[in-house]
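For reference, Swiss-Prot has these:
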- 16-36: transmembrane segment (TRANSMEM)
- 37-57: transmembrane segment (TRANSMEM)
- 88-108: transmembrane segment (TRANSMEM)
- 111-131: transmembrane segment (TRANSMEM)
- 138-158: transmembrane segment (TRANSMEM)
- 162-182: transmembrane segment (TRANSMEM)
- 210-230: transmembrane segment (TRANSMEM)
- 236-256: transmembrane segment (TRANSMEM)
- 265-285: transmembrane segment (TRANSMEM)
Amino acid sequence: MVSRVRLYFGYTKPKVWSLLVFVGVIGAIVAINRFTLTNILLILIATVSITLGSMGAEATTNYIDRDIDAIMDRTKKRPLVTGQIKPVKGLYFGLILMFLSIIILLFFSKYLAAVFMAIGLFDNVFIYSYLTKRRTPWNIILGGFSGGFPVVIGWYTVTNAFSVLPWFLFALVVIWIPIHVWSLAYRYRDDYNRARVPMMTSIQSDRISAICISSSAVILFIFSIIPVFFKAMPYTYMIVATIIAIPMLVYSVLFVRKPDRKSSLKLFIYSSPYLAIIFVLVLIFKYL
């Protein structure tokens, strides 16, 4: 029983959805002014809903991608490929989790959050995984919006008040996703070519790929400091965020100068925790 639970848990790709849950929880926390019992319960509701939705989406996309997962070295050990989980069971598991994520929000009358949840799941499962992943090199741009929705789901689970802050955080996630995915895809471009998945990095030259990825990193930095100019964050936040971004910007320049897998890996390694660090900064400066 325990091994089966562990198998299905791993099937949902926790390394992927854990960051989505993290940014969603941050989105919920920055929306409140004080930690009352009601607010804590609302944060818990947001956390559970986002976790179930993210797990369900990843499980369902695993079902959709099972044929190409069998071709790619990086993914050929996933449960549907190895036969540890039957495809139909994997599909139902994902659909049930996604359904529960929306039902929970509706049960607690968090209608706007439920709408954003439905849109995010649709974008991830249908727009990205089913419709565009195998058809266009810009698939991650069209499907990347789903990654930003946990922030606004978290925010609008605890409050109905409008603010520019959650939408800036939403934009940060959406901009960060191509950097993260493309820099990883650049390293595994042979895998994507073998599976006939037209990722931007697998069909463009090394130079163009490096420019696209590095430009995204620069845009990410710019967006990370924009909240200051809307008075959503203090100037001290901008100073700290700029200092933290320097290594990422340096690696971006080096990647453009010498586009190879080693440079791509360095950018991937640093940009991976960058988003989480920025969100922690937002949380800290929110309550300072």
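Here, residue 1 is simply the first one shown, and the rest follow in order.
Heads up, the Cβ atoms here are built off N, Cα and C, so glycines get one too.
On a predicted model such as this, the values are computed, not experimentally measured, just so you know.
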Stretch winning on C-beta pairs under 8 A with the transmembrane segment (236-256) (pool: 16-36, 37-57, 111-131, 138-158, 210-230) is 210-230
As a test: from 16-36, 37-57, 265-285, pick the stretch that has the greatest number of Cβ pairs under 8 Å with the transmembrane segment (138-158).
16-36
Six or more residues beyond either end and a Cβ under 8 Å away: which residues meet both conditions relative to the transmembrane segment (16-36)?
42-43, 46-47, 50-51, 54-55, 57-58, 147, 150-159, 161, 163, 165-166, 169, 173, 275-276, 279-280, 282-283, 286
